[in-house]
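Annotation comment: TrEMBL describes 1076-1104 as compositional bias 'Polar residues'. What TrEMBL lists as domain 'Ig-like' is 20-120, 125-212, 225-312, 317-396. TrEMBL lists 411-505, 507-603, 608-703, 713-806, 811-907 with the feature domain 'Fibronectin type-III'. Marked as region 'Disordered' by TrEMBL: 1055-1125. TrEMBL lists 1-26 with the feature signal peptide. Under the heading transmembrane segment, TrEMBL lists 929-951.
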Amino acid sequence: MGKFKMKVHQHWLFMVLFLPLSSVLCFSELSFITEPSDVTLLPKDPAVLDCQAHGLPPVTIKWLKNGVKLAESEHIQFLPNGSLYIPMIEHTKEDSDEGFYQCLSQNKYGAILSQRSRLTIASISEFVLHPVPMVVTEGSLARFSCAVTSSPPATITWELNQKTLPLRTERITVLPNGVLQIHNVQLEDVGQYRCVATNIGSHLKSREATLTVHQGAGPKPRQRPRIIAGPQNVTVSLHQTVVLECVATGNPWPIISWSRADSKPIDVYNAKVLGNGNLVITDVNSKHSGVYLCRATTPGTRNYTIAAANLTVLVPPSIVERPESQTRPRAGTARFMCQAEGVPTPRIMWLKNGEDVHLNGRIKMYNSKLVITQIIPEDDAIYQCMAESEQGSELSLARLIVVMSEDRPSAPRNVHAETISSSAILLAWERPLYNADKVIAYSIHYMKAEGLNNEEYQVVIGNDTTSYIIDDLEPARNYSFYIVAYMPMGASRMSDQVSQHTLEDVPLRTPELSLISQSSTDIQVIWQPLPAKVSRGRLSAYRLSYRTAADSTVTSVELPQNSTEYLLEGLQPDTIYLLRMAAATRVGWCEPSAWTSHRTPKTSSSKVPSAPTLQLEPLNCTSIVARWQTSQQSVVVQGYQLCYHEEGQPEQPIIQLHAQTYTHTISGLDPRRKYHVKILAISQAGDGYQTDQTISTPGCVSARDQLAAAPPPPAHVTVLASNSSAVSLSWSRPTFPSGKAVTYTVRCTPVGTHNASAIRYLQTTRQRVMVQDLDPNTRYEFVVRLHVDQMSSPWSSVFHHQTLPAAPSQPPTGVRVSLIEDDTALVSWREPIERNVVVTRYTILYASQKAWITGRWQILQREGSHTMALLEKLEAGNVYLVKISASNHVGDGPFSNIVELVHLDEFSHWLYQAALLSDGLYHIDQRSMTGIIVGVCIALACIVMCALILISKGRPRKSSSHKVIAVGAAEGPHAGLSLPNEHHRENIEALIPMISHHFLDTKGEANMVINSAGPISSKNQSKRWLLFKREIGNPAETSLYEAGKTVLRYEEQLGSAPLPPSSREIIYGPYRSKSSHTSEGSQETGDSGHYSNEEMSNPSTSRSSRPESFGSVDGPTAAELKQSFEVENEEMLSLHHSAPDASHFCCISEYAHPALHTSQAVAS
């Protein structure tokens, strides 16, 4: 007996488990073996649309056209296998068989609908683009194009003088999109061109266009490459052929190359280059989508130009997450998931037994999910998820089986609700009247009472309570509730519904502000009303507060609750204003928003572009789409500048956009964050008025309404190499399952900075990056995050690194020397003006004038903490020169400008002034003082003689310009020698090679020049030094210096003949000088001679000995000079140069040397 009962129980258990499963198995047999597909036919052709289904018999098949069921007739016939047959296609204005067809298969379990099939009748419309006449030069390029609307796409061919052209030759290329290119046009290409469009239905010919060819007018000049027909943005369907045209001109002919903007390789199997640079891709698929770059480069140079085009491949819908069949008890809840992909994004629709699902309070759609609550027997059916777009449709099916139970409890009774707060409601009820002891749980269902398609929420609690507090509600909203009691074999009916309203609360946040300036003294503040979810009640007022960035005084304005804009007037031009807003309900004010900055425009007489109208829209949780428009205005917009930043974070780099761009996608953002976006237009007159706007990104939600898991951050951030201004970083990619492209953002921040502009962001696709232009000896913190599939990881762990120190690049400033005793001077200075540069040592070089001439500097060194030093044992009657440099363990910095310490009697000071020249200090030998005295006497005598001669002649003199003859200087505009007429040939021996007017102290860096008249500054020359006024033009010139050179001055009337080659160049040949650097703060001092170390010897600071240009110390003898002057005299006399009789020479001794006196005596 026991075995019999066990067999009975096993039988019932088998029935309970197998019957629902058998239903699912039987339903799964209802499916399509063949579905109709797209077809293109000619009028009066027969058509067959196949459809075969398999399932539990009997299976019936019906047909629908454009969603309407078809009835069988002589024109439309249903075949026994379920296919549709049309004997003769009709295509008239009254009736046409063109349209969308679907078949419907049905058995006792339900019905399913097939995919959509399109029947198209072949046709060609009129040409939308005809070829136009062209006039070109022989050897250049000619291009014709035409376009036609055709179904199916037409094949384009070209005719010349009504004869078919070949599709491709060495010079002729016919592209599939209807473009004809003729390279290296010849005279025989002249004629009438037209294109012919052909498909299965018919063919059509365009109008003819004349090609005229002119002969070239000689060789062409070199021209940079220019793209005359670049690629265009194109959208194609899957498996089609796309043409990206690129035609460029230039001299020489440029080379065309192609690449992708995302650096991905171009598909070499499906892509080929047609003609001289056109890219043709056959059988396109989704991986071919992207931005393609055409680059035209001049051969052998870096001259190029680029054109870009976006290729979009349309992909039919594909269901990636299919719904699953479910078995649910009566009053239960069923959820069907469905996700689809495609380009464009497909629309999701749900069908029940082949018809659209009727949505109501029980059956709702949330995005693409179908939710059926409080299931009833009529819900037992076959459900289909249909993903549909212009590229087609795909369907996936699932069945809902409803299990019935007779022994069910009655519904819970006396349900009532009570409001507790702005987010909580207390729900209470009584137990069911029947079978209450069998209740194992209660299910509380609630949803918003207002609006359509509100999502229903469910909470399950135990059977030991009859009350529950729901505390995740929105403020100031009306909710409806009902309760269901559950037992092991099923659920009760739903209880009566009750509604209750939550209390108001302060607004969750403030409105997003948009700031626009239409003039230099106003700001237009615009905002959108807060949504009910954010306002949390009825708004009663807004409060707008503003102040300047430099002033803490805040001005507030309260505005009525229905306001959406306000104009701030009477503001200051070119001033940064900070604005924020708060909103209030009857409960109180919310927290004000963060300050938003906006700069009012500058006052300008020129007209600049007005502020664009900006519209921001979240694309997803990590991307924002910015769209803008500009009003019609006379100012030509040359481009746009867009920048953005997260609230409380520094601004990102400015994004430059083209003038024809009106939308931009900002990606790589964080979910649930507020961002500030600014945009302005740029014109030739300057930057236009700016528009500021804020927007918050939504939260990331996965397919199952769960927060998307962010990818892990990069790890093991390390430094590969570092110097004083650059750091090379590397990191490792975290392990996570993703086959998509990964990009990285590196943030570099100086530790302790409060300057937002000092924070830098770098984007890269590699796992290393070089961060450059850093400050030396500065501690930085580096963090890295990755971006994949529109999601961003958290920042990595902070990695600190300090850049290496650098040698000082600036000299000490404020160098001053003052005499504090008869033999002691105090020199003081300030440290170099450089950030983060440590100075460990200062080097002071000082020397008397005589010692400096022989190259003997004395050296003092002080620690980096000292900024003054004593110069001792100074001799009275000398002029001392002082300069200072800063150093550290990395290297030495440049020296400061030379500072003079003059401690002389009155007569010695006058002689010192007579020994200086404007651009540097010249070499003076040991007998300089005596030579200067003798030279000055001779000069005075010459001046007196010249004055007597002029008085004796008594003629009026014409104004003349002064020139300096630099005999021997073979460079510069004054390198030649202009000889006077025959009357002055007796003075030819006086034309001795002299020192150049720009000979610099390249070793000692003295910024002065010595001449017989005194010191002359190179930058601020006195107007009284007319002798050298015309000689300060090229500070880079240098010249040989030899002892005993003479400076000559003569007057010459304007319009004289150009100077012939100098005698120095004639005698000794061309002179090649070494450049002297006069830049302030040269790294080397290197004065000639040797240092005299009195305090601290530093042999490492010694420089090379006397430069070659200085020649011998003793100088040439008088005999040698005389001989050289005689040779020069003979060469010069052979030249003829006419000058006015009034021209004369005036000799001024440059140097006191015995040989010089000898030569001057001979000359006289």
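Glycine residues also receive a Cβ, built from the backbone N, Cα and C atoms like all the rest.
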* Given the model, what does the mean pLDDT over the domain 'Ig-like' (317-396) come out as? -> 88
* **For the domain 'Fibronectin type-III' (713-806), residues assigned helix / strand / coil by DSSP** => 3 helix, 47 strand, 44 coil
* Could you break down the residues of the domain 'Ig-like' (20-120) into DSSP helix, strand and coil, giving a count for each? => 9 helix, 45 strand, 47 coil
* Please spell out the DSSP helix, strand and coil residue counts for the domain 'Fibronectin type-III' (608-703). => 0 helix, 53 strand, 43 coil
